[in-house]
Amino acid sequence: MKEYSALDVCKDESNPPTAGKAIELDSETTPAIAHDQRDGEGKGDGARGSWGGWLEFILSVLGYSIGLGNVWRFPYLCYENGGGAFIIPYLIMIAFVALPIIFLEMSLGQFSSLGCISVWRLSRLFKGVGFAMTSISACFCLYYNIVLGYCIYYLVVSFYDPQPWVGCDHEWNTENCFERGSRVDEVDGPLAANSSASTLPPYATATATAMYGWNVTTPANMTRTRVRASEEFWKRQVLGKSDGLHDLGAIRWQLLLAFLAAWALIYVCVSRGIKSSGKAVYFTATFPYVLLFILLVRGATLEGSMQGVLFFITPDFKKLGQAKVWQAAANQVFLSYSPGWGGMHTLSSYNKFNNRCYRDAFIFCISCFCTSIFSGFVIFSILGFMAYDSNTNVEDVVDAGYGLAFVAFPEAVTRMWLPQLWSCLFFFMLIILGMDSQFVCLETLITAIIDELADVWPNARRWKGRLIFATCFVMFLIGLPLVTEGGIYVMELLDWYVAGFSPMVTAMSEVLIVSYVYGVKRVVRDIEAMLGFTPSMYWQLCWMLFCPALLTFIVVFAFADYEPPKTADYTFPPWADAIGWCLASIVLVYIVVYAVYYLCRESGTFVERLRRAVQPSPDWGPHLNVNRVKAGYAPLPGRGPYPKINTSDKEDAICLPASDLMTKQMTSDIDLDHHQDESIV
């Protein structure tokens, strides 16, 4: 009887693996390497670690993307871009961009059990996309931790009685400071906010501004800008805000300690990899919903809350004709759902091989959307009360981003009974939400480094704990400019360019490469082997057409309608704009430079090198040999037992893609004996 090798039989990549056949495992054929084996069929790599259960994975995914952007950014964007009408472009971006990319990234990570860099073994020329994703996550992890530092600082001072943002008699207050009065206080007019405001003459005119208090014009035509007490605390005491990015100033010791505490907290939670962070998410991913519900109940019982909610949901369909509304929806989707960041590859790489990741993608996207809407009701119910209590309009108390979290909301809680309680709950919730995102961003960076080092240094995984500590310490040192008096400008510059433009480029590169270079047919075949069903045409059209088209539209419009970064009171100079574009361009630099490097180190003509470079590497595919054979890939040494194929029919041999075949030495390892009653899966 002649032995037929899978390497000899299947030279045509177009032949699918034979389905419906049973596998007989041969544990003697390839002895597994203990430290590289998995914990049984379908589980994660024992050396890399694996989730303790499905719930750990889904909670980690939810915690990763449901963060501060859902609480303070989405409600403001919704109000600013058509209220309830903003939901339409937001849902379209979720359905045709976020959901397909999330499912694709989960599938790739789970199929290969690799992080966002090593997963590009599927097309080696484009490994730079993985480096770009890692750099985005690292940069975001760096400046996001200072936001956690702000929240920690506010949480500590929330216990004070009175709280430090109350009143205008502190050393950091100026003569322009004022406190918004309540409806009870304002018996003499809208400016009777405190003693200094109530002494203004009756003929003074005042105009409320959306974010920064009052402009008071006196008969002598002298204009004084009234600044809220909570805003002066934020800018002058917490930040010690300098005049601009050119003046970083001294380190703020309060922020330095809070920043150090934030990194220490993150390190403790991720020090043992997903074994520790996987347990932490049971609390960090669920408790914020408890706090949001408590705040919603409290907000709903306040006078004027319905005014704020109606202001949040009232639709303005005319704004749907503005391209910037669709751009805002896309930006929020990329910030909130995190496609193109590399985190989804990392989290799903610790899954079982046959985990139903398509279900997880739907659960994640629906949960993230509902959380954004829920947060909007919470925030605007409280802002509605604040507007009612200060006898003004809701738009006059609405603030964006950091202003909402650190100016408007602290002022709102001072008007409630037990302000210390509500302030502590709010900032504790923000800390937990931020920690979840930090867990995954840091794990994305660590996993990418470890996966790459493991190829050249087998003991790399044993040093993971030390690597995590070293990474946290180095990023703390790099982040010291963020705790200076000009640190807020550094953070806003990073947030403007790194978190906005860059993920769109990586996500668009990913779907184009996977769809047209690796091939949609290959993706469908891999998913079918992993999940047992063929992805519908909806997924394939989204990957090949809808995602690239929508992302191209958003990126082109962003360039056409580009404005230099600015905040309410500061416009970044041209040289800062140039630095920002250099940071954003690093994404393209990674992709292009690595492709050039890879082609230069190969031998042969340019066409030969290019043809080899776009093909998957020989070790691309599932980790375990039993899954590799099931998916139609050649088994590898040290990946556990693989099927002993028994057949006399040459056509029944395992059909492996030619691009994944191993060298001739693997041929002798595959034993093909006659066995009538068994078939191949």
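Just so it is clear, glycine is given a Cβ too, placed from its N, Cα and C backbone atoms.
Annotations in TrEMBL come from automatic prediction, not curation.
When you check TrEMBL, the disulphide partner of Cys177 from the set Cys151, Cys168 turns out to be Cys168. Here the transmembrane segment (467-490) has Cβ contacts under 8 Å with residues 138, 141-143, 145-146, 149, 239-242, 244-252, 255-256, 259-260, 263, 266-267, 270-271, 273, 402, 442, 445-446, 449-450, 570, 572, 576 of the same chain, all six or more residues outside its ends.
Using a Cβ-Cβ cut-off under 8 Å and counting only residues 6 or more beyond its ends in the same chain, the transmembrane segment (51-72) has close neighbours at 44, 147, 274-275, 277-279, 281-282, 284-286, 288, 332, 335-338, 343-344, 347-348, 350-351, 355, 360, 363-364, 367-368, 371-372, 375, 378-379, 401-402, 404-405, 429-430, 433-434, 436-437, 439-441. In this view, the densest Cβ surroundings among the disulfide-bonded residues Cys168, Cys177 belong to Cys177, judged by other Cβ atoms lying within 10 Å. Using a cut-off of 8 Å between Cβ atoms, the transmembrane segment (496-518) and the transmembrane segment (280-297) share fewer than three residue pairs, counting only pairs 6 or more apart in sequence. By the Cβ criterion (under 8 Å, sequence separation of 6 or more), the transmembrane segment (578-600) is in contact with the transmembrane segment (129-156), since 3+ such pairs are found. Ranked by Cα separation from Cys177 (disulfide bond), the binding-site residues Gly63, Leu433, Asp436, Ser437 are led by Leu433.
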